[in-house]
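Asks: Annotated Cu cation binding site per TrEMBL: Cys65, His69, in sequence order. If you look up TrEMBL, you'll see Asn469, Ala470, Val471, Lys472, Asp516, Lys532, Leu551 marked as ADP binding site. Sequence annotations record features per position, and here TrEMBL assigns ubiquitin cross-link to Lys716. Sequence annotations record features per position, and here TrEMBL assigns domain 'Response regulatory' to 614-731. Residues or ranges marked as 4-aspartylphosphate in TrEMBL: Asp662. Residues annotated as transmembrane segment in TrEMBL: 20-41, 53-72, 92-113.
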Amino acid sequence: MDYCNCIDPHLPADDLLMKYQYISDFFIALAYFSIPLELIYFVKKSAVFPYRWVLVQFGAFIVLCGATHFISLWTFSMHSRNVEVVMTTAKVLTAVVSCATALMLVHIIPDLLSVKTRELFLKNKAAELDREMGLIRTQEETGRHVRMLTHEIRSTLDRHTILNTTLVELGRTLALEECSLWMPMRNGLELQLSYSLHYQNSVGTTVPIHLPVINQVFSSNRAIKVSPNSPVARVRPLAGRYIPGEVVAVRVPLLHLSNFQNNDWQDLSTKYALMILMLPSDSVRQWRAHELELVEVVADQVAVALSHATILEESMRARNLLMEQNVALDAARREAETAIRARNDFLAVMNHEMRTPMHAIIALSSLMQETELTAEQRLMVETVLRSSNLLATLINDVLDLSKLEDGSLELDLETFNLHAVFREVVNLIKPVASVKKLAVSLSLTPDLPTYAVGDEKRLMQVILNVAGNAVKFSKEGNISIIASLAKFDSLREASTPDFMPVPGANHFYLRVQVKDSGLGFNPQDKPNLFNKFAQNHSLEGRGSGGRGLGLAICKRFVSLMEGRIWIESEGLGKGCAAFFILKLGIADRANEAAHFFSPQLSANNGVANFTGLKVLIMDENGVSRMVTKGLLVHLGCDVSTVGSGQECMRIISQEHKVVFIDVSVPGTDGYEVAARIRERFSSSHKRPLLVALTGNTDRATKEHCLRVGIDGVILKPVSLEKMRSVLLELLENGPLRALKP
């Protein structure tokens, strides 16, 4: 049999193997075509893959391989069985691997893309973190510079040191060629170069404040780049080839004080200063953001430091001014105290010097009244007595007013007979009222307490002054005095901002009304009634007289007694009514029983007989000694007189029942004599009664007298009636706490 290379027709191919080859070629081609599509998707989605051209070549290779398998589908031919088995097996394996690879890429490509995305995200985050770290380092550096500059600026509170330090530290920190400060001038129309880092020759230069570049800077709170050729930036003289560096300007807020007392920047009308900062010339350096931020922060810190310095300067100026005022006030106080002491000393001396001759006038006049006189002579003597008493009252008023003004007057609170005070006032004004044919009536309401606690002398002075004015300004009619216990409703009606009565269990309010049918006054004169030395103009030229002191003193006394006084009138010729309310203490039963009777002028005084009463008078003044002796001799006393304490101690004996001791002049030994007399006569019933003659009305004199054991005090001048009442009271009731003038 002949050999042949052709396919043996007697060995037909297996149909199943042929189908497997055909299907495998199809899937191989499908897988080959899907892989480039997936690679194209991957390349398109991945923005970071660096070798795209390799993928393009690989994709072309795969496409071509797939194309060959598609071609095999149409060029398929029969082969031997062995070849078919081998080809079928290879193609099946190739199809399985190709499809698995294609399917694997479907799952792997998204993972690859996500890895690349994360890598890109991490790279971006790393770059962002680098930028943030750089910003943090820049901020830390800026903060360090700010803290350093703030420490340097706030290490002092001197404005000039603050500004100089700011320029120096900014120049050193930012490596500046120039740093300058323009301050507003007083006129508010110009800025003046006040501080410069390197070019002091330009200091004092001025520019108009309304330049556009200045308005631009002042209208912003940021650092602004300005032209190096602007007027505020040209501080360096131009010479040769000179390329200025970049310039920024920033405003510096200034504390606005209208009363800023200093030689510079006084009465600031502009709210900002201008700071200019220049980078080194002939360099390419530019301003960076953190440097501008540093400049802005430092400008604010300078503003704060300047405000603190300004406030400190103002407070120090105010403190110094206050210290100067305190020194001046202290000096004025010492001068005032010296003047008050000098005035009080002068008044004390004048009081004594005036009362001594008045004592003689009144005493001798009262003695003359006891003699046989013609009607004309008696009228003249009575006129002398009235004038002398008026002068004595004036002296008392002047002394009281002086004490009221310097605050040295204190109320002498004691238990006294309130009803007796009103009766005594009526007895005092009745003689004058009877001469003018005026009827005087006194009404004491049943609820008015008989005894009270208060200053009897001052209360009597107020009542006597008000009632005396009623007598003085009335020519006919009547005068009524009504005293009552003030009810709460009337107190509420009479209350004023200066008088706020408060009811209590230990005190009551006395209400007194003195009404007359006299001349009255015009309504326009009412505000001046209680002023010192103010006269009623409506009564001028009518012979009413007046000192202008009485009502002013009454108002002070009533105020001291926590009360109020006022006067009402319907007009001229319609009379007037005076009212006053004052507070008095309620006397308990023990005080009522132990109170000391005040001497009064009674009817039996005229028949009192002191014949044979041995009296000793110690007075250094010969005239006063002679006058006092005359009064006592007229009363029938056996009188001995001495001019010194030593002589008094030599002749005094148990036979002397009363000893009058003059204690008016400071430095005399009247108090010492009284103390020695008490020591000599240890038994009280053998000791003579001691009575002080004085011209001093102050409380200290009375307390001193009581302290050394003096039984009573009588104030000069002394009339015959007063002497008679004093002796009668001493002999009938024993020692007195005080004898009222």
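In case you wondered, yes, glycine gets a Cβ from its N, Cα and C as well.
Help me understand the surroundings of these features in the structure.
Replies: Taking a C-beta cut-off of under 8 Å and a sequence gap of six or more, Cys65 (Cu cation binding site) has these contacts in its own chain: Tyr32.
Mean per-residue pLDDT, taken over the domain 'Response regulatory' (614-731), amounts to 83.
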Asks: Between Asp516 (ADP binding site) and Lys716 (ubiquitin cross-link), how far is it from one CA atom to the other, in Å?
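Replies: For Asp516 (ADP binding site) versus Lys716 (ubiquitin cross-link), the Cα atoms are 32 Å apart.
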Asks: Taking only the Cα atoms, work out how far Leu551 (ADP binding site) lies from Lys716 (ubiquitin cross-link), in Å, as a whole number.
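Replies: Rounded to the nearest whole number, the Cα-Cα distance is 24 Å.
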Asks: For Asp662 (4-aspartylphosphate), what is the tally of other C-beta atoms lying within 10 angstroms of its C-beta?
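Replies: Within a 10 Å radius of the Cβ of Asp662 (4-aspartylphosphate) lie 24 other Cβ atoms.
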Asks: Given the recorded positions Lys472, Lys716, which one's Cβ is surrounded by the fewest other Cβ atoms within 10 Å?
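Replies: Each of the recorded positions Lys472, Lys716 was scored; lowest Cβ tally within 10 Å is Lys472.
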Asks: Write down the Cα-Cα distance for Asn469 (ADP binding site) and Asp662 (4-aspartylphosphate), rounded and given in Å.
Replies: 34
Asks: In the domain 'Response regulatory' (614-731), how many residues does DSSP put in helix, strand and coil?
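Replies: So the counts come to 52 helix, 25 strand, 41 coil.
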Asks: Can you give me the same-chain residues 6 or more apart in sequence from Val471 (ADP binding site) with a CB-CB distance under 8 Å?
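Replies: Result: Ile429, Val432, Ala433, Lys436, Leu438, Val440, Ile479, Asp516.
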Asks: Using CB atoms and a 10 A radius, I'd like the single residue among the binding-site residues Ala470, Leu551 with the highest neighbour count.
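Replies: Most Cβ neighbours within 10 Å: Ala470.
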